[in-house]
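Working notes for the structure below.
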Amino acid sequence: MKGELALVSYSSSDESEVDSSSQPPAKKRKLPALSATLSGPVHVDDPSLHQGRIRSTPHVDGQYATHIYASVPLERGSALFKLLRSIIASARTTVPALHDFWSSPKDLEPELHISLSRPIFLRSHQREDMKRAVRSIAAKSAPFTASFAQITQLVNDEGTRIFLALEIGAGHHELACLSNALTPALRAIHQQEYYTSPRFHASIGWSLLGGRTSASQADVDPPSHSPGSIPPDPRNSSVPANHPSITEFPPSLLPTLNQEYASRLTGSTVKSFDVAEICMKIGKDVSRWRLSGT
């Protein structure tokens, strides 16, 4: 018996591809935003809370701005403190925008800082190692006597602040030894050591600079926020418009101040002072070590 062969129709592969390609692509679902409890708040600097000062290096979580310095305590009733207040008052007659460093509550004793390092930046795991290095230097170094030589001006690395400062005379060699002793520890963590030909000093006043494009390396002030191994953020180079700034100190300021006060600064009124401890400020925390060597 003859039977009819049933023909089965199969769709071609070409037809299948056409059919599948005609289907709209599936939409990708967006991931939900990370909860604020996990990401934490975004850090935003507010210059109005810091007398117009702007951070030269962007804030990075887990990174701590650090400064190593010799401390000179100032008693509010001392001859030196009274002299410094007189110098600032005289300077403000021509530079009203000058700020001092001791406008703090009466129960806090002011102090002068003589920088031994540029401002550096430490990671969390580097803090204790640097503390041990500074502690070791203090244990091997003897206290010494220093004095001021003259009133001078210095500008920070970014050209955003100008400082009125007291330059060190006697004690320069001992301060250089302390600063040089820090070099191996700084290099070990890839941080910039202090200046090759440092001008050791204690800043007593500062003003914001506006309209400057660069700073002379000869007139650089270490206590300011030098970027260390991290480049400064160019977005932070401007001065807030609502805070007074100057382009420079008047040319007559330093000659006038030195003529009026230099003899008292270097003579019988102040004479000299003791340098007996090294300090390290990490963020807001300050550690102090007495110079106990012989």
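Using the three backbone atoms N, Cα and C, a Cβ is placed for every residue, glycine included.
Here TrEMBL flags His113, His201 as active site, proton donor/acceptor. According to TrEMBL, the region 'Disordered' annotation covers 1-32, 215-251.
Cα separation, His113 (active site, proton donor/acceptor) to His201 (active site, proton donor/acceptor), rounded: 8 Å. Comparing the active-site residues His113, His201 on other C-beta atoms within 10 angstroms of each C-beta gives the minimum for His113.
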